[in-house]
């Protein structure tokens, strides 16, 4: 027998029982010795190679949430009946589903594809988009938009440009080919992400209530069908290796093939699925992402009648040399698995044939409570599917208060030199405007199609993306994502609250009512007790804040092992907030459109410069405590903004966050090129702050709005009645010359042309022409 033939000898269940002492490469597959011992105990024998492959990917950190599960339960525990009222599907499914009225529902979710995007930036990012879109399809929805949250290393590092070009082009390629508008997100640069970029992709879809589908395999005798792209060798072990281990300082030491995406195949798959749903041909459905067939079969069986029989050799292959174990672990893209009644199978196959989507019947649902997999007539797996998909190991990792955090918090920004003169304030405002993190991101966003589909109401650079759902009524949704790793490094509990508060505020500023949350929790190694302390604090803070704001977490993702060597990233919980708007015609943009309107600052300004963009940009400083979170004030502000938009009292709204008032003013000016005259004296007098804090503080629960003069009295009355401090700080104005100007009275003035030049040049100068 040749070596090649020997490699393909099938390890059957009978053989596993007969050879209990055979050594197996469990460690190479990411399993710990005690986990391997648990598998043997569950099975009463050693696992077959196929079973070992299944357990290794499904018990990985990425799939099992074994280090985070004990904390994530808080999201399901800290809820009220009112929070559940409009929640059709919560955590545990492929994506959350929210009732938005008129028989419509929205499903949305954010997930990470961090490690693959470092190994192969283009394909890693592209397949991140494809994977999250399939989660949306699997709920019975039509995907209608995507967003992304990106974190890269220092902007001036040569490797950063390579990763940025690949990631952005991968996202734009896949999303644009699918015909999905990319309506928002954030991009930040920091050396802490140098060896570990974050690529978090969000997708959102719409569906009628009656079209909702879930991932379960119910109905003994129903057929299990795999359809979509053929199965290849790409992504094998991705969940257990790429997403569940750290990178060494020299780069990734384990390099399984990153998945390869085909957006045109996915576009056809979307339309095929929607027709199958319309014709009511699907009983249950699951997309194939992390862990591939291992995940789809075990999860469908666990959530249904508990049993399934699969003929693995019926899987259509791109590479006929793949072993059974490789087929089980493959993460080839653009694949779905459906459960179909036998009497509807011919109709199902006719629809997939119409769309030229390759389809194979793999097996059927059984009532045995076992997942049995055969390979060329021999049994290679016989497991309780719940032990694979649900009842995996759960760890309560050691938690330790970081040894360095007290010193970091003691190093407050209050000791930093503040600008006093008008010239110094002007110089520093421009420095922030042109800094890597606050500069215009159109070099990135212009590679995305914002308006494909014709239903985009708001997109970059507005505070939230907004999509019209119903053409007749104007019903729509808004969505915003936010994160601030610098705040979380100072205080992960308060930092997570701040991320939620900003996304909540952004949605409210668009005119929508915040309704639900998704999150992607990006952290270092869970084997580091200090990282686990950060994680536990962030989850506690986020769950507490959701409860106080009255909006439920519908699902999301945890991404651990984001570190290079022993250096973890900043804790970076990404929070997405979905809001509902009854008519997108009432949407509010984040910039001034008309001259002669009054500019109001809503909320109170405090001397809060710790962790700020000003401290980082001007002084290279990180220390102290993040801004105080006042969720009651956030709620009052959101309700006021919504009421003002409904009554037509405001023509623009922009939240205050990174860069404070200075950044919000310049972005509002640049949105439509309308200048402004602003005075800071009343802020200083009322709030007791100096000019620098008035401009650069990042105090929360604040926004600036523009109000037509004829609505001024009504608007003031609205704010007074709702307990929201409102201070008139300026007017929109063309300026005395031919060029619009942003004038901070008695301090400085900057022409809009200069603001635009500074704001737009940073990324283009650093990254050059768009590649591809």
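Glycine is treated like the rest: Cβ placed from N, Cα and C.
These figures come from a predicted structure and were not determined experimentally.
Feature annotations, reproduced from Swiss-Prot:
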type	residues	note
ACT_SITE	62	active site
ACT_SITE	113	active site, proton acceptor
BINDING	65, 109, 519, 556	ATP binding site
BINDING	111, 557	Mg(2+) 1 binding site
BINDING	112, 113, 114, 115, 134, 259, 331, 332, 333, 559	substrate binding site
BINDING	135, 287	Mg(2+) 2 binding site
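A map of Swiss-Prot features onto the structure.
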{"residue": "65", "record": "ATP binding site", "contacts (Cβ under 8 Å, 6+ apart)": "72, 558"}
{"residue": "109", "record": "ATP binding site", "contacts (Cβ under 8 Å, 6+ apart)": "94, 95, 96, 132, 135, 136, 202, 203, 518, 554, 555, 556, 557"}
{"residue": "111", "record": "Mg(2+) 1 binding site", "contacts (Cβ under 8 Å, 6+ apart)": "128, 131, 132, 135, 200, 201, 202, 520, 556, 557"}
{"residue": "113", "record": "active site, proton acceptor", "contacts (Cβ under 8 Å, 6+ apart)": "124, 125, 127, 128, 131, 199, 200, 201"}
{"residue": "134", "record": "substrate binding site", "contacts (Cβ under 8 Å, 6+ apart)": "266, 269, 287, 288, 289, 334, 336"}
{"residue": "519", "record": "ATP binding site", "contacts (Cβ under 8 Å, 6+ apart)": "110, 542, 553, 556, 557, 573, 574, 575, 576"}
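Here the C-alpha separation of residue 331 (substrate binding site) and the residue listed as 'active site' works out to 13 Å.
Same-chain residues at least 6 positions away in sequence with a Cβ under 8 Å from that of residue 333 (substrate binding site) are, in sequence order, 127, 130, 131, 229, 234, 235, 259, 260, 261, 262, 265, 266. Counting only the Cα atoms, the space from residue 114 (substrate binding site) to residue 62 (active site) is about 11 angstrom.
Taken residue by residue with DSSP, residue 113 (active site, proton acceptor) is part of neither helix nor strand, so it is coil. Put simply, residue 62 (active site) is 10 Å from residue 112 (substrate binding site) when counted between their Cα atoms. Residue 287 (Mg(2+) 2 binding site) carries a strand DSSP state (E or B). Ranked by how many other Cβ atoms sit within 10 Å of their Cβ, the binding-site residues 112, 114, 557 place 557 at the bottom.
In the structure as shown, the Cβ atom of residue 556 (ATP binding site) sits within 10 Å of 27 other Cβ atoms.
Each of the binding-site residues 135, 287, 331 was ranked by the number of other C-beta atoms within 10 Å, and first place falls to 331. DSSP assigns residue 556 (ATP binding site) to a strand in the three-state reduction.
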